[in-house]
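Pulled from TrEMBL:
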- 169-500: domain 'Major facilitator superfamily (MFS) profile' (DOMAIN)
- 165-191: transmembrane segment (TRANSMEM)
- 211-236: transmembrane segment (TRANSMEM)
- 243-264: transmembrane segment (TRANSMEM)
- 270-289: transmembrane segment (TRANSMEM)
- 301-318: transmembrane segment (TRANSMEM)
- 330-350: transmembrane segment (TRANSMEM)
- 384-401: transmembrane segment (TRANSMEM)
- 421-443: transmembrane segment (TRANSMEM)
Amino acid sequence: YASGPTSTPSSGNYRGARLGYAHGALNVALAAGRQQDNVQPSLSLANLAATYDFGFIKPSLILAQEKRGSARIRAYQLGATAPIGPHLIRGSIGKYDVSGQQANADWIKYSVGYAYNFSKNTQIYASYAYVHNQSKLPRLPVRYPEVLLIASSKSKRDIMNPKTFRWYGVITLLIVVAISYIDRINIAVLITDQDFLRHMGMQAHDRVSQGLLATAFMVGYGVSSVVLTPFCSALLGVRRSLVIGLIFWGVVTYVSPLMHSYGLLLMSRALLGISEGPLFALAGAYIKAHFEASENGKPNSLVNMGTGLGLAIGYPFIGFLLSSHNWDNSFHILGLMNILLGIPLVLAFVRMPKVERGAAKASSAKASLQQVGQIIRGSLQTRHLFLITLLTSAFLAYLWGSSNWLPAYLKEARGFNLRDLGWIASLPQYATIVAVFIGGMIIDRLPRERVPLIFVGGATGAQHVASAFGVVNGVGSLFAGFMPAIMGWVITQFAGGNAA
């Protein structure tokens, strides 16, 4: 209850109530209030807000309504805060619908903010907001009363704490996986471009040769995932292996336009697959080293979301580059992205513990080589390994069979231009992103004995988990890798080379 500074007793009086619910990282609150005014109709306020603290990011949703007489404002605001060391990044977007006025008074507000904690009691901050005002009328901020007093049920955490910092590594791996998938489907869009086909000595109707480009990548990827992963985890470690891989596949991607023949391009795709092969296995080793068995569902799902995210971004991104620039620019931009974005993120945020859970560190290179055999034998004893490998093969066969030919189908059979086909091809991937994340949350809620060991890794070291992931991903990729070429042959035989 509050009384405004006015000589009229009832004017400015405010009465409000708030109902809140807090459980762990979740906070939800509902608030309502009414402010009296003797000059104009009273102001009524109602707000609903929710936040969920993931540690590495805290999204928020606010639904608000203000009403004064016949005028009403409804606000919908989505925001997030992300701690990075002593820094705090904020961002939000809000939609405001106004009724009861003659002009269209709706507006949209975008805002970003930054804060730096000098100490527990001292903070500097800055913010910037942009309002797209349809009516050009002056705008007043929508008031959020008690609902903004949502407080975390946890004490303020040290954001450099390893339990928080480990999530930055997960987000980094998500980004690296997404970049790698943009690399992979680059060719799927480029085979719709006649200049690219002529440069590489391919015919537009030769679907088998076009499909073999994806098959070469997948074969290299599968062999590398099985063979190189144990050596990477035992000899180089997760962080160093990721950096070397990013350098290698960044360089291979950047120089690919220099290939002036189909054979050289085929070789470059195989080399790209070899360099990317251990990626998922190394991500699994990082998660095993930093997360307990009961909490590794969400980090694994976040990393796997990079598959859908990379395809969702990659199709429209490559389509835009191809429609606006020469085809070789897509290789150059993706190559630079791997090196300039991926490597700094890995160096900054992917840090393995000094002694990984369940693993003994070798004292010499010879001892490391001796560990490779133990790692492989340990990975082959993973529970349900055959079933998981079979399911992975089926999923990857569908993924690469459909994703490799979808752009050609949309352009040639359905008549979409490059920009439109990019957005349309990306739509199914958003469902994949949501489904993978929900699956990770479900895994964390299942009893451990009901979850395949590859997702738990309770008694195995990070190196064994990496090798098990390598076997599953590698064998699955080897079987699925022939699907693009097989589908290319089917298209040639039954559709005359037309991707319809």
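Quick reminder: no glycine exception, Cβ is built from N, Cα and C everywhere.
Two recorded stretches are said to be in contact when at least 3 C-beta pairs lie under 8 angstroms, sequence spacing 6 or more; the transmembrane segment (243-264) and the transmembrane segment (330-350) meet this definition. Sequence-remote contacts of a segment are chain residues at least 6 beyond its ends whose Cβ falls under 8 Å from one of its Cβ atoms, and for the transmembrane segment (421-443) they are 189, 296-302, 304-305, 307-309, 311-320, 403, 406-407, 410-411, 414, 451, 455. Regional average pLDDT for the domain 'Major facilitator superfamily (MFS) profile' (169-500) in the model is 79. The highest tally of CB pairs under 8 A with the transmembrane segment (330-350), across 165-191, 211-236, 270-289, 301-318, is held by 165-191. Ranked by the number of CB pairs under 8 Å to the transmembrane segment (301-318), the listed stretches 165-191, 211-236, 270-289 are led by 165-191.
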